[in-house]
Amino acid sequence: LRSARAGRPDPCSGCSSRRERSKQRKVKKRLTLAALLYLLFMTGELIGGYVANSLAIMTDALHMLTDLSGIILTLLALWLSAKSPTKRFTFGFHRLEVLSAIISVLLVYILMAFLLYEAVQRTIHMDYEINGDIMLITAAVGVAVNLIMGFLLNQSGHLHSHSHSHPHSHVPQPNSPNTAQGSSHGHSSLAVRAAFVHALGDLVQSIGVLVAAYIIRFKPEYKIADPICTYVFSILVVFTTIRILCDTGVIILEGVPRHLNVDRIKEDLMKIEDVYSIEDLNVWSLTAGKTTAIVHLQLVPGSSSKWEDVQSKARQLLLNTFGMYKCSVQLQSYKQEMSKTCASCQSSSA
């Protein structure tokens, strides 16, 4: 009845579930392949770094071990997030993905502290020798492998798809046919983004190691280039992980996602026929790309019989136009506004 009155059915939950499962399968395949590549090359780097006595290569291998741990955590989180909600966890396990992203980034920071300590020790004492040939070969292979990783994990084409046509605003336009798609798929999962950031950090470090290996191979007296790679890597890691930490912080604090504007949502809800006022609106994210909304609307006087039409239109607006993952629309008939101050407060103020 509600669908017939609105003239347009609500989004099919079956279709949404199939799309979600298809996207999850693609993510799992990418991460599984990345984990295998990390494992194989990490073993090769450990051997090459040990033979070459290169701190840069050994720490790069240690960083890959951290990345591998992060990907395993991500796959575990994706598996758990696909499970049905329970009586205790009624929203499901989506935020396990956020936890895995935080753990993964924190592991990188712990590693960064270790790298800096070792680099400082080598810079001070300079009591080490490096096999430039083996270091150069291992670093060249590392650059190639990390390029493959970057292409495998890169989803930058989807990260900001909602903002290409509006460079100064992240507010979705309700009249655009692509708005819902941009909102629902415009943010790849934080876990995949974390894995891509790790791959980017690996690539930058591998390039630095390659440059250092080239210098050490032909100018052994400049072996200080080995710890310098660590200094540069540490700075880049901070800049590449700040965005992920900010996004996870917003999700944990249940803030409004950066691509949505609450005022714009209210304006569009007020444009629905027979809506008198918006009593309450809450918007937050279960995880990246899964935004939830609860709205409480008051109908205009004498329109209580049209509540199904209003509810269906409000759901269509939130789900299709603004790309909400879930929404709840509560309606009430018109009530004349009354004073919100109780009699006790009124008497005390008098």
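Using the three backbone atoms N, Cα and C, a Cβ is placed for every residue, glycine included.
The annotation compositional bias 'Basic residues' is assigned in TrEMBL to 159-169. The domain 'Cation efflux protein transmembrane' feature in TrEMBL is assigned to 31-253. According to TrEMBL, the feature domain 'Cation efflux protein cytoplasmic' maps to 257-332. Annotation source TrEMBL lists region 'Disordered' at 1-23, 159-186. Positions annotated as transmembrane segment by TrEMBL: 31-52, 64-82, 94-114, 134-153, 195-216, 231-256.
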Secondary structure composition of the domain 'Cation efflux protein cytoplasmic' (257-332) [DSSP: H/G/I, E/B, coil]: 27 helix, 30 strand, 19 coil
Integer mean pLDDT for the domain 'Cation efflux protein cytoplasmic' (257-332): 91
Touch test for the transmembrane segment (31-52) and the transmembrane segment (231-256), at least 3 Cβ pairs under 8 Å: no
